[in-house]
């Protein structure tokens, strides 16, 4: 396409994010609720991270990955919520085209990293329970770092591909995004050019980053379930299931909302449902994760208590 023709067609330089609600009274309520949720999420995840860093009992592969998950949760909510709060305060709902793409890039980077990290955590539980004799060598510090680095690299590649592909589309109006952050399905609906290739790319990425990890997680936990059922001690089975139950709960929440959001491309309806799923993905899930991982874990609870009262473990 001729550059001048494309420049004329791509007239949108900013998007209007309509947000969650329209009335000013409800916007005040949303601001307070989301500010509270943001502070709780950041505080909870940073507390988990601090507990893992200061407590020697938690210097294990499982908690190393959990610490990385806490960093991702803080990043995910920080990418979306503070900018929404700023728009509510300023009553300015426009966002520049470049800022919108930047938000989309970091959101998909962190979400993609989440997919792979949850898979790595399932693999860690598989090795710890099914192959305990070789666990320390197969999950050494070097292996842990490589797994996290590869997860970041794959998440970065996925986010970069989507951002570049979206940048090739033409936006010539309207520019109102019926959401509170920039995401692919809503932007596809505003494009003046065909989004078939973009949707195909998203479908392939979903197969690689959602379906494949979910299959690996399912297979890992199928082996774990068989191994746990062979444990004769009731206390041993309870402890094994409790360490896996938290992770499985997080997996179900993460993949359940993600699949619902991205498997309905092309639908012009259900925008309110999309917003609800977006709130779940970016706010509720990151806020619940620290609670899920600490609720039935006495080691984490003890470490959190020591962090809060300023005492370190003596062991």
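From the backbone N, Cα and C atoms, a Cβ is placed for every residue, glycine too.
When the ranges 125-142, 143-160 are checked against TrEMBL, the one recorded as transmembrane segment is 143-160. For the ranges 172-194, 241-263, the feature annotated in TrEMBL as transmembrane segment maps to 241-263. Mean pLDDT for the domain 'G-protein coupled receptors family 1 profile' (44-293) in this predicted model: 87.
Taking every listed stretch (29-54, 143-160, 200-229) in turn, the largest tally of C-beta pairs under 8 A with the transmembrane segment (63-85) is reached by 29-54.
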